[in-house]
């Protein structure tokens, strides 16, 4: 027998016994003494905020220079080989492709909008120079929008707006990244087939791109497709080999690097571009452009685009970061990502670059080829710098089909996320809706509008969950203080005369009416129905010639709320306000009972608030109405398991304006049950004392 089985047997056989008073809220508060909390003054808070300590300095350095944190802890023997292979593979793949496709399309869209193809050029400029003039203007636009996007991202990071990443739930992130993978896949098809198509952006761009490729498939380049499929098969087989023997290999085989070298060699050796018209990378310009000041006068024309680019760039980055973090078990900081993106974009714009973001394909290549730390990214960057400065000519013969095959193969992990659908179908239909709506909206509306739509839908599901929570009637597991769903287990029994009602959500304006209706429906106790039944019973009795005081037969509400002499509500007397009783005890005569429909004798409703984390002013008014409605027909309403926050909400909204309502609060369901039974036993004893009968004894308190 193992330790777990022994523990389980011990837990099942052991018993515990607790002897304590019944804790209503007032009784419990008498036993407790609050700690004195001394709040800091504004001056002390400002002093603490601006005090410079070694810990604060260290945290600031880690935020802006994270390399100072991970590099000293770098495990050279374990990580260096994987980082080296990954850096080279990612760097080779990065050379001819440039930035992330979606951000490229967004910046290209604003550049073309402000500098269209038919823009007027200065007189005396020929066609070639006119094209150069137009392209130079577009570069200025790209620099301006990049600088502004970087400033926005940096400011958001400093202001700690990275918390918005919490709204990107896992189903949303996985649906979003899957849609982004489809976007990348469709953009690679034309290179794989070797066809020329127009570049599309915006809504339904993925549809237009796919249709354009299919319409031109008759013009496909067989040689280009053959090279791409060969590399495709090589990578799939190699990755399977890497996965199967990963425990025995010191590092994954750099398949992407070999594919690029082999593709470049075959293309150059057989002259694929010249002989078979295979698209190749072509000339790579050498050297870096000199620094230049972005044109800030364009900010008022591009600020909307800059905001969209800043948000989409961050969203794509944090989504991919979360995906990899969940896979490898580490945390990401949204604020740090914003600061990094902001610094890169604002600084890079000075060197005539445009906005960066996370690339799905290159990130997956870096992760799939064994990259462990940021050193792999540093090596990839150094390799790109080396190519830009000196060795770019070596890759001029690299076929575009090879690169497209590498990208498509590394999207496999993203496409495997379609397996989420049956999982969410079994576990959560709401999360399935989030996944599908995110995927569909991001696929057809574009990643920018799709992301906004997905976040809105995700927030709407939160409202739906709280507006349509689970309502449960609880019963007691006999001889215990455990109360669970009466409809779920045969052993659970209701306590006679008591209904226990539970909600698993906050009570606020969106669900307060639904809560009240569900309470009456699930418990089967409706005060309006009881009052209506009593009135009908009195009418039937009167028709038979009975004579009864109707005011006394219904309730004693009039005597409690209205003064007999002047007909006014209770007034202040000696600085003390008189309140009507919380529960109006009925004086319904026994001779009328035969006219009443069969009703369950319920004297107490217990509202379980253990799962209610807040209640707003509308919810408090609804609760006041519930207490009054049931009180008018002689039924007590107790509140059990209220958190400190809920009690604070009730107090702030003047629920306890009548101090007698404090007697309705109990620490737990069991305390409320015992309190109810004790109250009923005392009332029966008082009634028996008022009308003594022979050979009768007051009922004892039931043992629960």
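The backbone N, Cα and C atoms fix where each Cβ goes, glycine too.
Because the structure is a prediction, the values reported are computed rather than measured.
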Worksheet item: Taking 106-127, 172-193, 194-215, 326-347 as the choices, which stretch does TrEMBL tie to transmembrane segment?
Response: 172-193
Worksheet item: For the record in TrEMBL, which of the ranges 141-166, 349-374, 479-504, 505-530 is the transmembrane segment one?
Response: 141-166
Practice prompt. Answer with yes or no whether the transmembrane segment (401-425) touches the transmembrane segment (253-272) by the criterion of at least three Cβ pairs under 8 A, sequence separation 6 or more.
Written response: yes
Response to the item:
Model confidence over the domain 'STAS' (488-676), as mean pLDDT, sits at 81
Discussion item. I need to check the long-range neighbours of the transmembrane segment (172-193): which residues 6 or more away from its ends have a CB within less than 8 Å of a CB in the stretch?
Written reply: 101-102, 205-206, 209-210, 212-213, 216-217, 220-221, 224-225, 228, 279, 315-316, 319-320, 322-323, 360-361, 400-401, 403-405, 407-408, 411, 414-415, 417-418, 420, 434-440, 442-443, 447, 450-451, 454-455, 458
Item to complete: Could you pull out which residues elsewhere in the chain have a CB under 8 Å from any CB of the transmembrane segment (223-241), counting only those six or more residues past its ends?
Response: 191-194, 253, 255-256, 259, 262-263, 266-267, 272, 276-279, 368, 399-402, 404-406, 408-409
Discussion item. Before we move on, state whether the transmembrane segment (401-425) and the transmembrane segment (375-395) share at least 3 Cβ pairs under 8 Å, counting only pairs 6 or more apart in sequence.
Written reply: no
Worksheet item: Counting only residues 6+ away from its ends, which parts of the chain sit with a Cβ under 8 Å from the transmembrane segment (375-395)?
Response: 74, 79-80, 82-84, 86-88, 90-92, 94-96, 260, 264, 281, 284-288, 362, 366
